[in-house]
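Asker: Would you mind keeping the following structure in view while I ask a few things?
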Amino acid sequence: MLPAVVPQVFCLSTHPYGCRVIQRILEHCTGEQTGPVLEELHQHTEQLVQDQYGNYVVQHVLEHGRPEDKGRIVAAVRGRVLPLSQHKFASNVVEKCVTHASRSERALLIEEVCAYVDGPHSALYTMMKDQYANYVVQKMIEVAEPPQRKLLLHKIRPHVPSLRKYTYGKHILAKLEKHLLKSGDQILSSGGGQSGTSNGAL
């Protein structure tokens, strides 16, 4: 069966039922059997992450796959965190990358967002206002190591007044306040009340 499936991996992964077949294969077959299937998936990562069904297959690999396969997906996302985070389907994959990447890979993803120029057109500010990308930023805040969370705070702080005007921006502030209040940091509470918005779940 599997030799016949391999040439159809991309087609199946972008099909509402076929994507489930691929996920079941990845779950129940041996590493030797799934190797060619995974190789096919890696050849089409860019298209799959943006597909309404294919993104679930990529997420499955990130959640349950081997470190080397997760690493290849993270590598495919690096350099494109901003545009992929703004995509309805790919944003789910970016969030899973942030969650399931190794510590060093996660650090690179967060640094990519923080490395762009500051200001109203910065990548981070754009993401915080976006209906999809804001969840990626929330996840970064949640899983970041303390030094990187401080970096995120440093980048976000100048935008606090304007973020309060946006629904998605309030989600970000609520997430940051949740983590900062644990350490008694009240920086985000100055100049206004609590953001008072619950986080949405993907």
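In case you wondered, yes, glycine gets a Cβ from its N, Cα and C as well.
Pulled the feature table from TrEMBL, pasting it below:
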type   : residues : note
DOMAIN : 1-180    : domain 'PUM-HD'
REPEAT : 4-39     : repeat 'Pumilio'
REPEAT : 40-75    : repeat 'Pumilio'
REPEAT : 76-111   : repeat 'Pumilio'
REPEAT : 115-154  : repeat 'Pumilio'
Asker: Would you list the DSSP helix, strand and coil counts for the residues of the repeat 'Pumilio' (4-39)?
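Answerer: Taking each residue of the repeat 'Pumilio' (4-39) in turn, the totals are 30 helix, 0 strand, 6 coil.
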Asker: DSSP helix, strand and coil counts for the repeat 'Pumilio' (76-111)?
Answerer: 27 helix, 0 strand, 9 coil
